[in-house]
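K.L.:
Residues or ranges marked as Mn(2+) 2 binding site in Swiss-Prot (evidence: sequence analysis): 14, 64, 441, 442. The active site, phosphoserine intermediate annotation in Swiss-Prot covers 64, and the record cites sequence analysis as its basis. Annotation source Swiss-Prot lists substrate binding site at 125, 155, 156, 187, 193, 259, 260, 261, 262, 333, citing sequence analysis. Annotated Mn(2+) 1 binding site per Swiss-Prot: 400, 404, 460, in sequence order, evidence recorded as sequence analysis.
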């Protein structure tokens, strides 16, 4: 018979890194008595959430999808970014059967190949090198008409940094002698993930019907006109370039984002016959629509890189051992604490319950830096008091989502709100004898301005993230921990042996070590 759940709570403070620099550091500037007290009195240290330590290229900043995959898997997960880059380097990409089938069908009928994707070197949702490779693939397979519909970043990159990326793609098309950038739009519209269909509709109508609010002779001119309207990359309004292009019946469309969460909505508009979230002017009958990776199992389109399966991730292993678990987050990070933390699995494991708290409906989260954290905390405190679960896994979105706004004062408020929430959870746990681990998936809010450009720093960082144990046991934190070590640490606290698939090792060790 299992004992009464104590619970063990894993708090993931999204985008909450540690920087030795105090410049533009919202974590340093915030009044955070609870976290300060825990760091002074509890076993704690820093762990890595970027680069090779999470299965990304060396020096690449971490992100929420990658972070949660590693946290939940208990092993370093080879990321889609790295898989695609390697396939391009090895030449396998240019023979990819799924992409080639769609491109060849369009080419044989004398039709166009449309490339969609985030044009950026941010490496979080996409990489411009992948877009270049796709243009080269289309050219090599005989496409006469190659159109890039570029989504601009300014979020995982500096707010006004798209010019160099546009120049690079213009140069690529010039070298190939075929193809061009057909449209520009900010990711705010094309890559929504919060069912703001009015935004997605603007991107869809731009791509499919060549309907933009603005037109420019070249992509460079289109970008400069947007800057003159005081739009940073993320918010560039729908702009057609040159003679407006439409997606015609028989064309092929390849979506080159490798990260799923912000590619799903636009993809659904293209491929779902019964799509009803807004009135489509038309749905082209395509030679093929290819997702670079599987954006969701329910989307009726093939993917170029099929998902790898992860066995015995934390959620699965807890279920097999008869443990109950709660996953809870607000809308912005719900997919991360469920789908990504479960290794790319949509449905809950046996004994797993989920609570989704709606994110506030504001244009940008600097307008409401507390987001829905207080409501999330209410639910967790209630669950702890009633001892309903063995394990509670929560994501707090504030550090990341407010960090992305680039507004320092709001970021400080976000950190201060988090401190209050952590305090409430720790107090509730003390009353029932529970334990907690506090960590993050990657950095962001600890660097709010870019010293080299003087612009707001809206992107993630490569900084390490905190790791704090909250409980009564005499344990110490070892050096060199990574996100993949968090699940094995939780199993140690729960008294469960680690499955063979988990190659991570506990960050908490006995003081004798």
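Just so it is clear, glycine is given a Cβ too, placed from its N, Cα and C backbone atoms.
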K.L.:
Would you identify which of the binding-site residues 14, 441 has the most other C-beta atoms lying within 10 angstroms of its C-beta?
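P.N.:
Buried the deepest by this measure is 441.
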K.L.:
Any idea which of the binding-site residues 125, 193, 262, 404, 442 has the thinnest Cβ neighbourhood at 10 Å?
P.N.:
193
K.L.:
Per 10 Å Cβ neighbour count, which of the binding-site residues 64, 400, 460 ranks highest?
P.N.:
460
K.L.:
What count of other C-beta atoms do you get within 10 angstroms of the C-beta of residue 156 (substrate binding site), across all chains shown?
P.N.:
21
K.L.:
Among all the protein chains here, how many other CB atoms are within 10 A of the CB of residue 260 (substrate binding site)?
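P.N.:
That number is 25.
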K.L.:
Spatially, which candidate from the binding-site residues 14, 404, 442 is nearest to residue 156 (substrate binding site), comparing Cα atoms?
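P.N.:
Result for residue 156 (substrate binding site): the nearest of the binding-site residues is 404.
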K.L.:
With the substrate site defined by the record as 125, 155, 156, 187, 193, 259, 260, 261, 262, 333, how many Å span the farthest pair of C-alpha atoms?
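P.N.:
That value is 18 Å for the farthest Cα pair.
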K.L.:
Which ones are near residue 442 (Mn(2+) 2 binding site): of the binding-site residues 260, 262, 460, which have a Cα within 10 Å?
P.N.:
460
K.L.:
What other residues of this chain sit with their CB within 8 A of the center of the CB atoms of 14, 64, 441, 442, the recorded Mn(2+) 2 site?
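P.N.:
Close Cβ neighbours, site residues excluded: 12, 15, 49, 62, 63, 67, 68, 333, 336, 395, 400, 440, 444, 460.
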